[in-house]
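Undergrad: Swiss-Prot feature annotations, pasted as is:
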type: ACT_SITE; residues: D80; note: active site, nucleophile
type: ACT_SITE; residues: H396; note: active site
type: ACT_SITE; residues: D434; note: active site
type: ACT_SITE; residues: E443; note: active site
type: COMPBIAS; residues: 636-651; note: compositional bias 'Low complexity'
type: COMPBIAS; residues: 652-670; note: compositional bias 'Pro residues'
type: COMPBIAS; residues: 680-698; note: compositional bias 'Pro residues'
type: COMPBIAS; residues: 858-872; note: compositional bias 'Low complexity'
type: COMPBIAS; residues: 1066-1108; note: compositional bias 'Pro residues'
type: DOMAIN; residues: 906-1059; note: domain 'CBM3 3'
type: REGION; residues: 24-476; note: region 'Catalytic 1'
type: REGION; residues: 634-703; note: region 'Disordered'
type: REGION; residues: 855-906; note: region 'Disordered'
type: REGION; residues: 1059-1113; note: region 'Disordered'
type: SIGNAL; residues: 1-23; note: signal peptide
Amino acid sequence: MVVTFLFILGVVYGVKPWQEARAGSFNYGEALQKAIMFYEFQMSGKLPNWVRNNWRGDSALKDGQDNGLDLTGGWFDAGDHVKFNLPMSYTGTMLSWAAYEYKDAFVKSGQLEHILNQIEWVNDYFVKCHPSKYVYYYQVGDGGKDHAWWGPAEVMQMERPSFKVTQSSPGSAVVAETAASLAAASIVLKDRNPTKAATYLQHAKDLYEFAEVTKSDSGYTAANGYYNSWSGFYDELSWAAVWLYLATNDSTYLTKAESYVQNWPKISGSNIIDYKWAHCWDDVHNGAALLLAKITDKDTYKQIIESHLDYWTTGYNGERIKYTPKGLAWLDQWGSLRYATTTAFLAFVYSDWSGCPTGKKETYRKFGESQIDYALGSTGRSFVVGFGTNPPKRPHHRTAHSSWADSQSIPSYHRHTLYGALVGGPGSDDSYTDDISNYVNNEVACDYNAGFVGALAKMYLLYGGNPIPDFKAIETPTNDEFFVEAGINASGTNFIEIKAIVNNQSGWPARATNKLKFRYFVDLSELIKAGYSPNQLTLSTNYNQGAKVSGPYVWDSSRNIYYILVDFTGTLIYPGGQDKYKKEVQFRIAAPQNVQWDNSNDYSFQDIKGVSSGSVVKTKYIPLYDEDIKVWGEEPGTSGVSPTPTASVTPTPTPTPTATPTPTPTPTVTPTPTVTATPTPTPTPTSTPTVTPTPTPVSTPATSGQIKVLYANKETNSTTNTIRPWLKVVNSGSSSIDLSRVTIRYWYTVDGERAQSAISDWAQIGASNVTFKFVKLSSSVSGADYYLEIGFKSGAGQLQPGKDTGEIQIRFNKDDWSNYNQGNDWSWIQSMTSYGENEKVTAYIDGVLVWGQEPSGTTPAPTSTPTVTVTPTPTPTPTVTPTPTVTATPTPTPTPTSTPVSTPATGGQIKVLYANKETNSTTNTIRPWLKVVNSGSSSIDLSRVTIRYWYTVDGERAQSAISDWAQIGASNVTFKFVKLSSSVSGADYYLEIGFKSGAGQLQPGKDTGEIQIRFNKDDWSNYNQGNDWSWIQSMTSYGENEKVTAYIDGVLVWGQEPSGATPAPTVTPTPTVTPTPTPAPTPTATPTPTPTPTVTPTPTVAPTPTPSSTPSGLGKYGQRFMWLWNKIHDPASGYFNQDGIPYHSVETLICEAPDYGHLTTSEAFSYYVWLEAVYGKLTGDWSKFKTAWDTLEKYMIPSAEDQPMRSYDPNKPATYAGEWETPDKYPSPLEFNVPVGKDPLHNELVSTYGSTLMYGMHWLMDVDNWYGYGKRGDGVSRASFINTFQRGPEESVWETVPHPSWEEFKWGGPNGFLDLFIKDQNYSKQWRYTNAPDADARAIQATYWAKVWAKEQGKFNEISSYVGKAAKMGDYLRYAMFDKYFKPLGCQDKNAAGGTGYDSAHYLLSWYYAWGGALDGAWSWKIGCSHAHFGYQNPMAAWALANDSDMKPKSPNGASDWAKSLKRQIEFYRWLQSAEGAIAGGATNSWNGRYEKYPAGTATFYGMAYEPNPVYRDPGSNTWFGFQAWSMQRVAEYYYVTGDKDAGTLLEKWVSWIKSVVKLNSDGTFAIPSTLDWSGQPDTWNGTYTGNPNLHVKVVDYGTDLGITASLANALLYYSAGTKKYGVFDEEAKNLAKELLDRMWKLYRDEKGLSAPEKRADYKRFFEQEVYIPAGWTGKMPNGDVIKSGVKFIDIRSKYKQDPDWPKLEAAYKSGQVPEFRYHRFWAQCDIAIVNATYEILFGNQ
């Protein structure tokens, strides 16, 4: 193939845009030295001894453990702590290139060792990231979590997941860039370490092959939003091949490098290789061209690199890079200096080469010198930290700042100097602010220094300089790192109570410790003189954040000096946040009553005497110790000994790990010795006194109590550009209130008069129903000169008694984003980050104050009293009301008529830069981001400018537009939709963008900055951008787009209108044009700008997805799916929490398997995946499916931190504990002598996936931490794993004790909850998870269909990685196929030998599998399950895993095991089919859960005994009709896909029974079975179905369970469609399903989906059901509920009494009535949506 490149000859200008450097302007040796040292401050992992500073320590030592790897090492990216391998490997390559080109400079300056150290350090890390040929880990750390915390690297506590690319989920750009780094490193390290260089080279070759074979970045997703590979991967393929050629001299690589040149980035709309952008982490083609030019001497490459360097120097093709007034070549606001200095390096390297034209050598060199000198300070200030004149002192860098308080403002200075760091650089006008929050101009990064180092090496060769001899960054601490503050709470004649706070503000380096303790010294002379012993002192604590107080201990007996030991061992204290770096204890020391205590002679009393109660001072007389080493304070004298006492020794027990299966007794592992720690007491905080000012005139809070306000502060920094008060309004009265009568006032100081904007990001009542008004007070008062008035539209509805509005998320800001100071604001309570009553946020009904206290001195609103009627005071007129509300423009403005010729402008006054931010052609939102450039010579008033974006509307609808953010102010941007008089190619509409006068003047050579625009149709139906005139799909970065036209005074001055459009007038070079005025623009939105905040990142808010469209061509049932899908995703419905986790139900008072509605289950997550798979089928949008899987993986699959599974013996997987019929037989004793079998899966899975971690969902999660256990037992974080069922098949949900999966003995009794379930001599801290196999199988089933449908659409590549995850989940799901203790099938004696492998496999999907282990990783265990219910089987998933090439698991036996399981499952159904056709219960391999002998005559299935209710028995598991519908739907799908005859026969009989029992009533209602009654048993299975004449079923109760109705209909539809494919069409089954769908839809729709009334007679068990607790056992729930013998269900769940539905339930119980509720269960809504889509897919509009 012949490839033609188009090059345009450059134009050389005569004026140099830069200031020439003076020879030897700076000490380049010192600059080079420090620029290299910068990388020492970025090092992650265990630091080597050659590091030259004392403030960096080991960090991120667990990186990679989530995948069973050591991924420690490398560099942190910037001022954060994520390891992004794309910019990191680019940096590694650039440093090696510097050493390759300018080795002499490094040798002469003494810096060669230091740069080679860094090259070796980073490439060693890359080797770790490449554990096998086609696996590469490209990122460690989560950008969102990392950026949400501000603190030093050494004490990070957040999860740091690792992300990989593979053959099926590739990332060619990052893999090839890493190959380049390793190849380049192999060259420069060859002399120093030839063995390591050879290793690097081999990895480079393998990685290059990986990148080249895959040629895709589809798997490179985790870095999106941070380091997207915008330029693609072909530039990296060339770049890496060049370095491999240089390393190997193998011409094959040179050929490869040249072959990809044709694919390098092009100038938009042309075939010209891009020459404008800089060589950087994303785009390395300019560097590749330079090296290819030097290697080949070909003109092609010379011209590429010279056009680039010409553009950056004298100009090329009439264009030149922008220069600042002081001479910086300025490319972009982000890292302007990194681009300029890297281009300088390329200029140096190319000008050094003999092939560079003589006339250009000096030009390029002088350019390079000027840019480096600019960075070093030629303008009067240095941009390199720690170098030169006026250098940056406050870079945006967490570890250098070293905050202990998770705050950019604490401390107010940087504790460390980040020597050598090149900051981002100035704006285009040379402006620069040295501020920690200025991450645009003042952040640093590895890639910023990457080209800078090489350029400095060249400057050193040119001009010399003297590195500082033996330079090290050894610092003297600027503050006390550890100290104690103390004060007196109270004192009396015989006691003193001390309030003490231990502080860890360490920074040299920062360190976390859980071994702090202090000594409080006392003189006991008075006590001893009175005849008492020191041991008669009494010690007690009040508020305690984790200390153990003991003593007294002798210090100096001759002087009667003793000390009290306050030991925080076990409590982690680290410089990572307000509640992390300090811990408080309040302890009392009391002598006997008649002893007169004299505090004045106590050594530790010296500094605290006279301190007012509640206050503290720093005191050196209370010494502090870290692991017995004194780190603070002074001890009294030296006459005594100072041992660190051990008051009591805890013996080392033998651990007894326990599992948490659902629902079954807890299994245990072989014990390993583990220390049992003393649990940390739960703190009881003291309340903060509230000061109530006396106002004048008096404003009295309401006493009528109609409403009150709950407040949560979501911005804890006092200095901030955004205030975030989140609110809930509570109706505390007895009658409903119309919310449109209610207003709320938030009082604050504006701190600089500006226009302001407010918005509700999300509100349960609907954000669009919330209004805002800013009101300026007539005169300022203490704490306020403004208030924000929050009101409600009529759509907010009525607020019922005892209810609240739900969360209302509010934020407001000044339009110029300047800061507020909240510190003195009346309504702000810094510490109230969770909801509580705030009386300083006032509430009004009809303008009358009914809640709270207005600030003193305001003219108060009227107040409400029980007797007086008050006339409301009118609200003052607000000074600013910029509330953003999107306003649609349904009626288009006609196109103005003018001259019928459209000629591109030649006047050149302005041009438009465009970036496309929506690359999908089919979308419901168009996102053109723009910049307007003044390319003329005089300023332009932007109010005269309009822009037109031309497109096709694709279905006439009202439309809305908004600017989310604009540098000129989003409120200054206007919009108007204009319909063309007749359609033309590419357009029937244009969006006209205009500017208000506030946008100001646009100066010559300047641009407006970014204007972020999006528009949509008001019904959110789709556009098809594919044929739109203005849309350029590939232009995702800014470039000139002449199809976006621009006008001044209505005259076309830029771009080309579509052919045939009635054009605007145009400007030509000579005639004078009378412009046609454009009608005044009609704004369609008054937007609120939302740039990144300057202090802290925006917190996560409730998910607010873009409303989905109804795709064109859908019939009635597809439209139903879309309607319900939107209801489920509408935040106002309440199906998800703010993290995107689906609740079990919208309603909270509900008790089923989860005992609270806002828990969730793996079942809900599996339905979530299924719902979004169907959404992808109907819309072609697979992003929602991916989000569902990502959320599932993030929250429901335990992470590496959640499951430290490091020590597991598959030959002894667990210790036996029997199951018992009823809870009162528990705890179950461990029996160590009972044999258990071998686990045959473990080694195979570890070998396949390289990890000991399990990949399956735990079944139960406390989404919002309702119980209070927290994630991994921290007590506070939401989304925590919990468990309930533990004690045999008779333990109903009403008899469970909810407990944490992460057991640290913090709650429950002394052994946590373990000794309720397992009897042992000793108990150890441990974790336990339980998998519900039917849920994992459903997620796999759904993913199979997603795969099929995505392939039909040609979009399989979008979800291929998720199909791989489903296959992996299926690999691990095989544990459900094995007996609990791996006993052979038919085992009827617990003492019989265990299985030796697959002889323990029953191949069915059992009730659960479970795994667990010690918190410290010392031991682990796994179990299967002996009990299998037909309702858990999933032949559809089994078939996919056994037969589908994309779904087959990777392990050697995975697919074959699933093939056996598929056959066994179908036999299981046939064995259990009753004479009538319904399916009976299941089978067990462990009779009574203890491997007892089967009763005589029991039917068997492959040696397993028939069990009517093989799972739970209260109520009997197979009395519930739901299992029939759920399970047979999967059989029907399997039949539809395969035509399997056994499945068809099974279904034919089952469907016949269904038709006979479903009721379609004449009044339009329906009923399906709800409760079944069983008799008899099946015949023993011999491979043939006998008809089971002795197994019978009766329907004993009916209902309208909507979710099960949907699942039943789904089964009927797939069966019917299968009969149409493979036999005689059962249209009756289809019609029955359709009738059920139609009746359900007609009868039960509501505002949140579909719901039917449910009578809940079982709810009396809230009050009556005793939860069995053994006599004498006592403990506590996290909220303080006492657990003891005799407690009822509600006694240990007292928080239910706060539920809004509790009064209704309680009233019904007291009156003897059966309460009735409506529920919106997440799984049921999904089932209903899915079945409607199933009808659409299978039968269309029939």
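For all residues, glycine too, the Cβ spot is worked out from N, Cα and C.
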Undergrad: Minimum Cβ neighbour count within 10 Å among the active-site residues D80, D434, E443: which residue?
TA: D434
Undergrad: Specify the count of other C-beta atoms within 10 Å of the C-beta of H396 (active site).
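TA: Step by step: centre on the Cβ of H396 (active site), count other Cβ atoms within 10 Å, giving 24.
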Undergrad: Report, in whole Å, the straight Cα-to-Cα distance of H396 (active site) from E443 (active site).
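TA: With the alpha carbons as reference points, the distance is 4 Å.
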Undergrad: In Å, rounded, how far does the Cα of D80 (active site, nucleophile) sit from the Cα of D434 (active site)?
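TA: Between the alpha carbons of D80 (active site, nucleophile) and D434 (active site) there are 18 Å.
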Undergrad: For D434 (active site) and H396 (active site), determine the Cα separation and express it in whole Å.
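TA: Cα-Cα distance, D434 (active site) to H396 (active site): 9 Å.
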Undergrad: Looking only at the region 'Catalytic 1' (24-476), what is the model's average confidence as pLDDT?
TA: 96
